[in-house]
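As structure tokens, the structure follows; a few thoughts come after it.
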Amino acid sequence: MTALMGICIVNVPFMALPVEASLVPPSAALDQVAAFLVEGLFQAKFFLLFSFLFGWSLHQQAQSAQKKGVSFNRRYARRLSGLAVLGVLHAVLVFNGDILLLYVLLGLVIWPLRQRDPATLIRIALTMVPLGVVSLTSLGILLPDTLSSGTTLGGGYWEATRTRWLDWPGTFAFLLLFQGPLAFAAFASGLAAAKSGFFETPLNRGRVSLNKGLPWLIFFGVTFNLYYAAAMSWMIPPERGLHSLAGLVVLVLGAPLLSAAYLGLLLKLTERYTLPDWLMRAGRNSLSVYVLQGILAGAVFGGYGLGLFGTMGQGALFFVAIAVAVMSMAIVSVLAKRFERGPLEALLRAWTYGGTP
């Protein structure tokens with residue numbers, strides 16, 4: 001649920017502003033602060049929480065299949081194929097920054113590793129750090145060539161769809177370099193957490209270690225990510241390209257550290273407070289919420305909707321993103337209460353199980 005909110009805050013500016021806006025410092029002070037905080041505290045952090053839960057769910061699905069005496073491999077293959085179709089449709093029809101297809105590819109890679117013990121999975125996750133450094137360094141060098149000069153939502157729906165289709169290969173390559181290694185590390189960590197009973201009790205060894213290290217995670221996570229935000233924004237002159245490259249490298253360490261800190265803080269909150277039922281239902285139906293965020297944002301910014309593309313600054317977009325996220329969660333929660341599941345969860349479940357219980 002929190003991950004979905006953070007993802008929406010990061011994604012909405014990409015749907016609401018032309019690509020060129022990311023290359024020019026905002027003129028208004030509020031927009032500068034908002035852009036800095038989004039890059040420092042949200043960007044590349046919340047999708048890691050989402051990825052962590054994806055890895056955790058892999059173990060839950062395997063256990064469920066084992067208890068029912070059915071083939072997990074068959075179920076998992078069908079689930080990934082269903083996600084792939086949804087990912088392609090989402091990228092072309094809604095938002096070409098889609099992460100579902102990337103998750104499918106990473107899900108294929110982690111599939112053979114599902115029998116590994118938690119310690120091995122954590123070591124695999126750690127090997128993604130140097131790979132992430134190479135990946136983001138390459139991205140820093142190639143970044144100008146991966147950006148499209150076209151707008152995505154400024155015209156009518158079919159014009160926007162055509163633009164998304166044409167831009168998608170470059171966007172996917174960007175996501176693969178920017179998110180791939182760290183997302184896979186989160187997959188492996190989530191799978192290790194599930195195998196070790198991380199969420200089952202606060203006395204779990206991993207939970208205890210996370211709580212002990214929380215102050216350091218917050219300190220280094222915030223420090224590294226604020227440097228990344230400064231290096232990528234108006235705070236450091238753009239002619240100092242080395243800082244931008246260093247910022248991307250620092251992000252490889254900073255993003256997982258701050259994501260882990262967020263996880264620790266969220267667990268502390270859930271130990272003390274009970275979330276409202278509607279938020280719990282939204283969290284259990286995250287696929288529908290994620291896709292609906294893009295649909296609602298398209299209705300707000302697209303020329304086929306309210307046509308507000310390019311009319312708002314980063315400051316206003318921050319609050320619009322929160323409104324879109326809350327509205328998406330509320331709508332999906334109502335649907336899930338009425339029909340037991342969100343629409344895409346029901347569709348994916350029907351395809352995954354293929355008529356089996």
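Each Cβ is built from the backbone N, Cα and C atoms, and glycine gets one as well.
Computed from a predicted structure; not experimentally measured.
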Q. Looking at 4-21, 76-93, which one is transmembrane segment according to TrEMBL?
A. 76-93
Q. Against which stretches of its own chain does the transmembrane segment (76-93) lie, if we need a Cβ under 8 Å and a gap of at least six residues from its ends?
A. 58, 61-62, 99-104, 107-108, 111, 161, 164-165, 168, 171-172, 287, 291, 294, 344, 347-348, 351-354
Q) Considering only Cβ pairs under 8 Å, which range in 34-56, 172-194, 214-236, 242-267, 287-309 makes the most contacts with the transmembrane segment (99-114)? A) 172-194
Q) Who are the long-range neighbours of the transmembrane segment (214-236) in its own chain, taking Cβ under 8 Å and residues 6 or more past its ends? A) 25-26, 32, 35-37, 39-41, 43, 45, 243-244, 246-248, 250-251, 253-255, 257-261, 264-265
**Q.** Surrounding residues of the transmembrane segment (34-56) on its own chain - C-beta under 8 Å, 6+ positions past either end
**A.** 2-7, 9-10, 13, 26, 99, 103, 106-107, 110, 178-179, 182-184, 186-194, 198-199, 222, 225-226, 228-230, 232-235, 251, 255-256, 258-259, 262-263, 286, 313-315, 317-318
